[in-house]
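Notes to accompany the following structure.
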Amino acid sequence: MARFSLLSAILLHLVVVSMQQGDDETLDIRQRFGSSSVSMINDQIQREFNAMYLYETMASYFGRPSVGLPGFTKFLKKAANKERERAHKLIDYLNMRGGHVRLKPITPRSKFEWFSAFDAAETALGAQKNITLELYRLRDRADMESDPHLVDFIESEFLTEQVTSIRDLRELIARLNKAGSGLGELIVDKELN
């Protein structure tokens, strides 16, 4: 009987230890990495995947034979891939710092067709501005929580790229505005291809 109690106690101890090893908080691998930052990064992952989905939706629209703008299709597929890569950078970062990744559903688009390439570019610009605003909020939160590693990660890996993306979209919108619809849109599309 005593052997059974000792064996039961050892097994119970092993179960408790193995359960604790699955909890990053008890292993204390998160240092200066607050739960609000983890939550905000998870939200940012969702935004990046939503932007990827938006660009994929746009690319499929402009790739239709009835729309026939292969340059915009190529441009938007490249943008979708960038957003996916950015989401994965955030996932890898969370894992490295001991946070838990909580993937959220992609928010379905309510719009699947665009009046013009100009309309789509303005929609993309709005999405990029929103992503940039949220990255600034995440950066500020990390600064408030005295997390210089997260501040550096956001600034070096995301913010410069966001500024460049916004500039590129603004230039594309300006070219589309000057070129006009119809033939002008086809000329800009050819430049993108």
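Any Cβ shown, glycine's included, is placed from N, Cα and C.
Automatic, uncurated: that is what TrEMBL annotation is.
Small disclaimer: the values here were computed from a predicted structure and weren't measured.
All chains included, 24 other C-beta atoms sit within 10 angstroms of the C-beta of Glu48 (Fe cation binding site). Under the heading Fe cation binding site, TrEMBL lists Glu48, Glu83, Gln162.
Helix, strand and coil counts under DSSP for the domain 'Ferritin-like diiron' (31-180) come to 116 helix, 0 strand, 34 coil. Per TrEMBL, the feature domain 'Ferritin-like diiron' maps to 31-180.
According to TrEMBL, the feature signal peptide maps to 1-20.
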Check: same-chain CB within 8 A of Fe cation site center, minus Glu48, Glu83, Gln162:
Arg47, Ala51, Met52, Lys82, Arg86, Ala87, Gln128, Ile131, Phe158, Glu161, Ser165
Sequence-distant neighbours of Glu83 (Fe cation binding site) in its chain (C-beta under 8 A, six or more apart):
Glu48, Phe49, Ala51, Met52, Tyr55
